[in-house]
Amino acid sequence: ITVLTGAGISAESGVPTFKEWREWSAMLTTPEAFAANPSMVWEFYHYRRCIVSKAVPNAGHYAITALEKRCEQQGKEFKLLTQNVDGLHSRAGTKSVEELHGSMWKTRCCTCDQVLQNFDMPICAALDGKGCPDPSAYDANIPRLQLPRCRSCNGLLRPHVVWFGESLDLGVMERAHESLRRCDLLLVAGTSAVVQPAAGFIPLVKGGGGAVAEFNLEETPATRYCRQVLSSFSVSLFLFCLPSRFLKQSLCSLNLRCLSFHS
């Protein structure tokens, strides 16, 4: 089983999309924006880290963890592919996770390329109290030398996330595609799966003879490819039922016997 998740699964943990930060956050998620104004980009990510640090995994996150444990117990393969950078799946205990777009809890050095986890709050003293989302807020204009620095070479650090115009990590993509080629069932939860490379995941699974089940609040462009579509006011409500009789019935309707279930 492979699971693909997006922002919808974290929305129920109170994690916003951050699209309205100072009315122009989309302009900050590019390498060009970071090169021009790393202070403002780090303000934006400091604010996001503050919000996410207060969030907790919801029932959907824990249901996926339970499904992974069920697969382990029965000797079945499991892989979670997430488009989220909030780290909530790992906090819920899921181990086999590929973060397609990176993680806001990791940094990468612009000089030596070293990638490290960093949960410091704030990540540097100069960002303390900065990042107000109000459009009228002033840019802190933090000097580069006071922004997060590499502990190995003192180079400028950046968030280890994939920005617009950048390629996804080759190793991550290779592992993702391998799990998709091998899976019998792809569960799509909390994402429309219309942005590349996720847009190609469903055709890849279907081309290999696998089935796709969608867990979303409403129809998406991916719905027409799915053999099973499950909609509700709550993504996590459905996902919470994954390790139970509900998933057993869903798998039976898909003519799959990849897991054994007990009521």
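The first residue you see is number 1, and the count goes up from there.
Note that Cβ sites are derived from N, Cα and C of the backbone, with glycine treated the same way.
Per TrEMBL, these features apply:
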type: DOMAIN; residues: 1-262; note: domain 'Deacetylase sirtuin-type'
type: ACT_SITE; residues: HIS101; note: active site, proton acceptor
type: BINDING; residues: CYS109, CYS112, CYS150, CYS153; note: Zn(2+) binding site
Euclidean distance between Cα atoms of the residue listed as 'active site, proton acceptor' and CYS153 (Zn(2+) binding site), Å: 25
Whole-number Å value for how far HIS101 (active site, proton acceptor) lies from CYS150 (Zn(2+) binding site) (Cα to Cα): 21
Nearest-integer angstrom distance between the alpha carbons (Cα) of CYS112 (Zn(2+) binding site) and HIS101 (active site, proton acceptor): 20
Packing count at CYS153 (Zn(2+) binding site) (other Cβ atoms within 10 Å of its Cβ): 12
Segment-level pLDDT (mean, integer) for the domain 'Deacetylase sirtuin-type' (1-262): 84
Residues close to Zn(2+) site centre defined by CYS109, CYS112, CYS150, CYS153, Cβ within 8 Å: CYS110, THR111, ASP113, GLN114, ARG151, SER152, ASN154, GLY155, LEU157
